[in-house]
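Colleague: Heads up, here are the entries from Swiss-Prot:
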ACT_SITE  Thr13  active site
BINDING   Gly168, Cys171, Thr174  Na(+) binding site
Amino acid sequence: MESSQMSNVFHATTIVCVRRGDKVAIAGDGQVTLGHTVMKSNARKVRRLGRDGQVLAGFAGAAADAFTLFELFEAKLEKHGQLSRAAVELAKDWRTERRLGKLEALLVVADKETSLVISGTGDVIEPEDGIVAIGSGGSYALSAARALMAHTALDARTIATEAIGIAGNICIYTNRNVVVDEL
């Protein structure tokens, strides 16, 4: 990408989802970057979805695309009432409706039983170890969360929070202003 184009690209965010015991937590940083400039340091990229707020969600990618992905997923969740079914139905729409195209965003969603990554191209992925991370600092957060899970007795919320903090120390597009929610 040319440097003139690069200066107009939004870089955001790091999201991590951690399961331990009967708890699941999703954490995200608060930084939104345009080119080489931090535009906002306290953005909220983690929220609750569904009628009773029993689904956690966090997004990374282009903000407008992420909000579109949120809305599409939440509509499926309202209609079907179950996380996995809503994700599969959304993926089916991608395969049949050309108008959806390609959204440049990723969504992590979790309820008490399941964690999923939903991509802006209609892919649905379930992590095998209960830990998933997306976004610019996702690799760092994933590594940190896996190490903390393997070598400590910390709870899901603390692991998620610490993983974002560690990613924020390494990734220039991630800060340590953490928002975390837990079921």
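Including glycine, each Cβ sits where the backbone N, Cα and C put it.
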Colleague: Neighbours of the Na(+) site Gly168, Cys171, Thr174: Cβ within 8 Å of the Cβ centroid, same chain, sequence order.
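Modeller: Result: Thr14, Asp29, Gln31, Ser136, Gly137, Tyr140, Ala141, Ile164, Ala167, Asn169, Ile170, Ile172, Tyr173, Asn175, Arg176.
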Colleague: Whole-number Å only: compute the distance from the Cα of Thr174 (Na(+) binding site) to the Cα of Thr13 (active site).
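Modeller: Computed Cα spacing between Thr174 (Na(+) binding site) and Thr13 (active site) is 6 Å.
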Colleague: Counting all other Cβ atoms within 10 Å across every protein chain shown, which of the binding-site residues Cys171, Thr174 scores highest?
Modeller: Thr174
